[in-house]
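For Ser10, Lys42, Thr79, Arg93, the entry in Swiss-Prot reads substrate binding site. Swiss-Prot lists Ser10, Phe11, His18, Gly94, Leu95, Arg96, Glu104, Val129, Arg130, Pro131, Ile132, Thr133, Ala134, Thr135 with the feature ATP binding site. The site 'Transition state stabilizer' annotation in Swiss-Prot covers His18.
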Amino acid sequence: MAHVALYPGSFDPVTNGHVDVVRQACTLVDRLIVAIGVHPGKAPLFSVDERRAMIVEVFSPLAATTGCAIECVTFDNLTVAAAEKSGATILIRGLRDGTDLDYEMQIAGMNQTLVPSVQTIFIPASPTVRPITATLVRQIASMGGDVSAFVPKAVAARLKAKFSQ
């Protein structure tokens, strides 16, 4: 039986932290669905299509080297419902620190009640990427800062282009 997991997030933009979690998740599952959450109340920097393009560009080489099938979908409902709909029995959540753990434990408990067949797996971020957040990356990039240490090269180029418009 193939192990299928869903890794949800806004991915606005994809960071080296996301890459770290995907790399680790690919050692655990056969198929990883990177799921872009679309929330009408939020105003992302990058459109859904731009985020999807970044995900494909960044993760396709990783899929080729790990043998893990990586695909990208969008969802606008409950994360656990998106997992169930896509055939995933595992939710992947990255953890940077204890604050993330406290929050994610609450969500995992609620998800377990809603859809008992979907389990949450927490993946601790590697020490080098723990301080990275997409919010901080956007802020640094918007002020002309160098974000190349925090995001893949292709994403850094997209951020630079976005803020030079």
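Using the three backbone atoms N, Cα and C, a Cβ is placed for every residue, glycine included.
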Most crowded position, judged by CB atoms within 10 A, among His18, Lys42, Arg93, Arg130 as binding-site residues: His18
DSSP three-state assignment (helix, strand or coil) for Ile132 (ATP binding site): coil
Winner by Cβ contact number (other Cβ atoms within 10 Å) across the binding-site residues Ser10, Thr79: Thr79
Residues that sit under 8 angstroms from Glu104 (ATP binding site) by C-beta distance, when 6+ apart in the chain: Arg93, Leu95, Thr120, Phe122
Most crowded position, judged by CB atoms within 10 A, among Leu95, Ala134 as binding-site residues: Ala134
Neighbour tally for Ile132 (ATP binding site), based on other Cβ positions within 10 Å of its Cβ: 21
Thr79 (substrate binding site) and Ile132 (ATP binding site), Cα-Cα, nearest whole angstrom: 23
Site extent for ATP (largest Cα pair distance over Ser10, Phe11, His18, Gly94, Leu95, Arg96, Glu104, Val129, Arg130, Pro131, Ile132, Thr133, Ala134, Thr135, Å): 18
Helix, strand or coil at Leu95 (ATP binding site) [DSSP, three-state]: strand
Closest of Ser10, Lys42, Thr79 to His18 (ATP binding site), Cα positions, binding-site residues only: Ser10
Ala134 (ATP binding site) versus Thr79 (substrate binding site) - Cα distance in angstrom: 19
